[in-house]
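Working notes, structure below.
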Amino acid sequence: MSRPRLTDRILAARVQRTLQGRERQRRTVTRRDGVRYEVDGRWLTNFSGNDYLGLAQHFAVVDALQSAAGRDGAGSGASHLVCGHHAAHEALEKEIADWLGAPRALLFGSGYLANLAVLQGLLGEDDVCVQDRLNHASLIDAARLSGCKLRRYPHNDAEGALRQLRTVPDGAAIVATDGVFSMDGDVAPLRELSLVAKVQHALLYVDDAHGIGVVGAEGRGCAVDAGLAPGDVLQLATLGKALGGYGACVVGSEDIIGHLAETARPYIYTTALPPAQAAATLAAVKLARRDHWRREKLQNLIGHFRQNAQFRGLQLLPSTTPIQPLMCGEEKRALALTTALEAQGFWVPAIRPPTVPDGKARLRITLSSLHTQAEVDALVDALSWARDAVEMGYGNAGASGAAVA
Ligand SMILES: *Cc1c(COP(=O)(O)O)cnc(C)c1O
């Protein structure tokens, strides 16, 4: 048997994706003003971003970035353990630990890297990681990198988590879950999962990429909102979503965080975040803690959107967060809806397999405190128009190339 040629295999895979209508294209944003995005020469109202509190372009955040860059430069120049650790990193770690009421926080280049570091740094091949079926891809990849046994339980099923833990009675264990599920918008049953973890002497790890800044009083996220004590949970806060910047922070006990800082390969062998980025995020955290009105406005918009959408018979998942998916079933239908919405001036990319399970394509609609009620009303009008238009055949004749995510 001869070895397959890698380039042939890649070409075949690309052709197949194209034939199945599953190719993925990027759209280039040329200008942005809050939720208004200029794409391919046209201004669209964006309902797909994760800038839930409208902090990415806040003047105080941008000002902090600019003045820190003027002082410290564009990059950190090295990893944290060599000479890249800066006072701006230190200040941000302290602020986030204080915010979440935990002993210590550790900065990472991104949420993806942080998840790799946590599971690779804490688990080995004799250990087990029990995960929700709908967890973010980075948690799954992280468990694989660690070499541990990976067991998955049905979505939000704490008893299922307990059953899976019992199948591997030896070795250390982590129960890992998204706080707010990134594609569904619902919240994990953290109290129950915390009890399960306690009974099984496991560590509970909550990836709260979409909860931090948004959920609970002061935006402290799902774990604090569920009443978990800081000692009961290890948490991931990402800095690129509600905080409008880039990077991530793992928050937990002195021992666990110290251990990760000294041993986790995805922490040690990578360049530290630019200090200016840390300074910008520090300004964003202060705004997120202080500006309760952003969360209140967001909650009002969420309630308004759901009421209006349900009145029009649009099928939403049960979600109280800014992630409000509209289920479409077939990918083709999701793509046609996206195209119809773009024709009306709205940007809501279709989310398709493998990001979501087969047959569960959706429009992942997200709300931001920057949206106005009038924009939300206009979106609901456009959604119900698009639904009816697609029913009548709009967008079926190859129009989908216009708007693929
Ligand atoms: C976005 C996301 C990540 C990855 O974070 P980045 O900082 O974008 O790498 C991890 N987990 C969840 C649940 C996410 O939604």
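Any Cβ shown, glycine's included, is placed from N, Cα and C.
Cross-referencing Thr339, Thr355, Thr366 against the substrate binding annotation in TrEMBL, which names Arg24, His136, picks out Thr355. The pyridoxal 5'-phosphate site recorded in TrEMBL comprises Gly111, Tyr112, His210, Thr238 together with one of Ser182, Ser194, Ser253, namely Ser182.
Taking Cα separation as the measure, His136 (substrate binding site) is nearest to Ser182 of the recorded positions Tyr112, Ser182, His210, Thr238, Lys241. Residue environment of Tyr112 (pyridoxal 5'-phosphate binding site) contains 19 other Cβ atoms, counted within 10 Å of its Cβ in all protein chains. Within the same chain, the residues at least 6 positions away from His210 (pyridoxal 5'-phosphate binding site) whose Cβ sits under 8 Å from its Cβ are Asn50, Tyr52, Asp178, Gly179, Val180, Phe181, Ser182, Gly185, Lys241, Ala242, Thr321, Pro322, Ile323, listed in sequence order.
Checked against ligand 1, the binding-site residues Gly111, Tyr112, Thr355 give Gly111, Tyr112 as the ones with a Cβ under 6 Å from it, listed in sequence order.
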